[in-house]
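What follows is a set of notes on a single structure, which appears directly below.
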Amino acid sequence: MDLGAITKYSALHAKPSGLILQYGTAGFRTKAEHLDHVMFRMGLLAALRSKQTKSTIGVMVTASHNPEEDNGVKLVDPLGEMLAPSWEEHATCLANAEEQDMQRVLIDISEKEAVNLQQDAFVVVGRDTRPSSEKLSQSVIDGVTVLGGQFHDYGLLTTPQLHYMVYCRNTGGRYGKATLEGYYQKLSKAFVELIKQASCSGDEYRSLKVDCANGIGALKLREMEHYFSQGLSVQLFNDGSKGKLNHLCGADFVKSHQKPPHGMEIKSNERCCSFDGDADRIVYYYYDADGHFHLIDGDKIATLISSFLKELLVEIGESLNIGVVQTAYANGSSTQYLEEVMKVPVYCTKTGVKHLHHKAQEFDIGVYFEANGHGTALFSTAVEMKIKQSEQLEEKKRKAAKMLENIIDLFNQAAGDAISDMLVIEAILALKGLTVQQWDALYTDLPNRQLKVQVADRRVISTTNAERQAVTPPGLQEAINDLVKKYKLSRAFVRPSGTEDVVRVYAEADSQESADHLAHEVSLAVFQLAGGIGERPQPGF
Ligand code: 16G
Ligand code: MG
């Protein structure tokens with residue numbers, strides 16, 4: 001380690017003294033102007049992690065669905081997964097070390113993790129379209145190079161594309177080629193092959209309106225669309241040419257407001273979807289003939305995908321297991337439908353992709369989705385083996401195995417990916433001849449409401465049972481239990497946010513009015529028992 005150089009460069013990316021940030025559910029996230037030192041230091045950390053794992057590490061500069069003025073950074077581990085938890089702690093320590101302590105913290109981390117500093121390091125960097133992202137990604141690169149690391153700057157990428165690049169590079173090209181061209185070709189080829197097997201012809205189903213949140217998704221989908229245009233035509237809205245990133249549009253807006261994005265004209269029964277600002281989330285929606293808006297969220301996406309995969313498995317006649325992973329936010333109707341109608345086992349984990357991803361790896365086929373539209377499907381090597389052996393099978397089974405092979409290629413197995421999920425969904429709808437209404441009609445969502453409560457210190461709330469029960473503060477869970485009893489088909493939970501300084505409240509019940517009341521009453525309980533600040537939560541939304 002060239003300590004002199006580190007000190008010199010670190011001074012050029014000096015930390016504002018006293019600023020404390022936390023490596024949260026999806027990395028660091030805050031106002032872009034506070035992040036220069038964090039970026040430099042994450043470049044350093046990525047180089048160390050690369051030396052330790054002897055693998056390529058990814059760094060993505062984005063703040064996803066957050067406002068344009070914000071930014072953020074996260075590290076991507078060798079197989080495209082989120083950074084290992086012990087390294088998240090190192091990230092927090094390193095980002096918060098005052099200038100004069102930074103070197104010592106860096107040395108501590110390398111010693112604790114037994115990093116061989118002589119080892120080579122290679123880091124790949126990607127960024128979203130925020131005005132601040134280019135300069136901040138340069139600061140990451142400064143950090144990598146000062147530790148003697150090599151880098152490749154991919155420039156503008158969606159978050160899942162960066163995960164894909166990391167995964168490709170660390171699997172010797174077996175997963176795919178680590179270029180944008182490689183990504184476009186791999187997914188599009190699988191998609192077009194699948195679509196060819198759809199029996200219903202005619203192009204009327206195969207067009208889709210896409211709200212790109214004025215973000216990177218627009219640029220990348222535009223680059224990609226001619227690769228798959230024989231199977232699907234996409235019409236892009238909120239492509240960044242006019243509006244502001246994530247402002248009144250995007251998957252997060254549509255899901256949390258349960259209404260369509262601005263800037264998109266929608267006729268009844270037209271199939272539409274929204275990406276978030278870094279294109280790792282997707283939700284679908286449509287207007288029915290009576291002018292009612294219908295949201296098709298991550299839960300219904302998981303249902304469509306897992307039922308299709310289960311059918312394929314039945315056809316191939318294999319005893320491979322399939323599981324669906326959700327979080328506490330999954331609508332109760334979806335869980336019930338999956339378990340009772342589809343007979344697919346469902347598991348619940350804490351919020352945050354890394355938890356779901358980890359659990360999904362336990363199955364031959366693991367489908368995971370958060371209700372907010374973040375998810376993918378993972379396939380074990382056992383599934384790939386079966387496909388290889390399918391050559392000897394009778395024709396019908398061979399066909400199903402071929403379809404499964406294409407589906408595997410179409411899913412981004414390194415991360416939830418709006419583009420990849422969109423193509424999977426479009427392929428399944430075409431293959432099954434389903435309209436968006438028929439898909440939506442699989443089950444009816446229970447009315448629900450999400451609220452936020454401001455408290456002095458959200459860490460006073462701790463939870464268990466995949467965040468479905470509060471352990472502290474004392475009395476809170478009992479209060480929630482009593483409130484829930486007042487309503488039918490009801491459920492509620494609270495959890496401290498991993499990305500904002502608030503406590504989140506979720507409630508569902510048999511009617512919107514009940515869900516709204518329950519959410520409000522639970523908010524009041526949080527306010528009273530968990531140290532609420534500011535104005536008491538008011539009823540009405
Ligand atoms: C992050 C997570 C997302 C989760 C959300 C919850 C990743 C890549 N992203 O955006 O999965 O749903 O945080 O936010 O893990 P919250 O803790 O503020 O509710
Ligand atoms: Mg995102």
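Each residue, glycine too, has its Cβ placed from N, Cα and C.
The active site, phosphoserine intermediate annotation in TrEMBL covers SER64. Sequence-distant contacts of SER64 (active site, phosphoserine intermediate), defined by Cβ-Cβ distance under 8 angstroms and a gap of at least six in the same chain, are ALA26, ARG29, GLY72, THR159, ASP276, GLY277, ASP278, ASP280, ARG281.
Here TrEMBL flags SER64, ASP276, ASP278, ASP280 as Mg(2+) binding site.
The substrate binding site annotation in TrEMBL covers GLU370, ALA371, ASN372, ARG495, PRO496, SER497, GLY498, THR499, ARG504. Within the same chain, residues at least 6 positions away in sequence whose Cβ sits under 8 Å from that of GLU370 (substrate binding site) are GLY298, GLN326, THR327, TYR329, ALA330, THR351, VAL353, LEU356. Under the DSSP three-state reduction, GLU370 (substrate binding site) is assigned to coil, being neither helix nor strand.
According to TrEMBL, the coiled coil annotation covers 386-413. When Cβ-Cβ distances below 8 Å are used as the criterion, the coiled coil (386-413) is approached by residues 80, 160, 163-164, 167, 175, 186-187, 189-191, 193-194, 197, 308-309, 312-313, 315-318, 320, 376-379, 420-421, 423-424, 427, 431 of the same chain, each at least six residues removed from its ends.
For the domain 'Alpha-D-phosphohexomutase alpha/beta/alpha' (51-97), the predicted model reports an average pLDDT of 97. If you look up TrEMBL, you'll see 51-97 (among others) marked as domain 'Alpha-D-phosphohexomutase alpha/beta/alpha'.
Residues or ranges marked as domain 'Alpha-D-phosphohexomutase alpha/beta/alpha' in TrEMBL: 118-167 (among others).
Here TrEMBL flags 178-283 (among others) as domain 'Phosphoacetylglucosamine mutase AMG1'.
Positions annotated as domain 'Phosphoacetylglucosamine mutase AMG1' by TrEMBL: 297-433 (among others).
Residues in the domain 'Alpha-D-phosphohexomutase C-terminal' (475-523) partition by DSSP class (helix H, G, I; strand E, B; coil) as 21 helix, 12 strand, 16 coil. Per TrEMBL, the feature domain 'Alpha-D-phosphohexomutase C-terminal' maps to 475-523.
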*Return one of helix, strand or coil for ASP280 (Mg(2+) binding site), based on DSSP.*
coil
_At a Cβ cut-off of 8 Å, and with pairs 6 or more apart in sequence only, do we get at least 3 pairs between the domain 'Alpha-D-phosphohexomutase alpha/beta/alpha' (118-167) and the domain 'Alpha-D-phosphohexomutase C-terminal' (475-523), yes or no?_
no
*Measure from each Cβ of the binding-site residues GLU370, PRO496, GLY498, ARG504 to the atoms of ligand 1 and list the residues where some distance is under 6 Å.*
GLU370, GLY498, ARG504
*Looking only at DSSP and grouping its letters into three states, which state does SER64 (active site, phosphoserine intermediate) belong to?*
coil
_In sequence order, those recorded positions of SER64, ASP276, ASP278, ASP280, GLY498 whose CB lies under 6 Å from ligand 2_ = SER64, ASP276, ASP278, ASP280
_Just to be sure I understand, if DSSP states are collapsed into helix, strand and coil, how many residues of the domain 'Phosphoacetylglucosamine mutase AMG1' (297-433) fall in each?_
80 helix, 20 strand, 37 coil
*Any further residue of that chain within 8 Å (Cβ to the Cβ centroid of SER64, ASP276, ASP278, ASP280) of the recorded Mg(2+) site*: THR62, HIS65, ASP128, THR158, THR159, GLY215, ALA251, PHE275, GLY277, ALA279, ARG281, ALA418
*If you count Cβ atoms within 10 Å of the Cβ of ASN372 (substrate binding site), leaving out that atom itself, what do you get?*
22
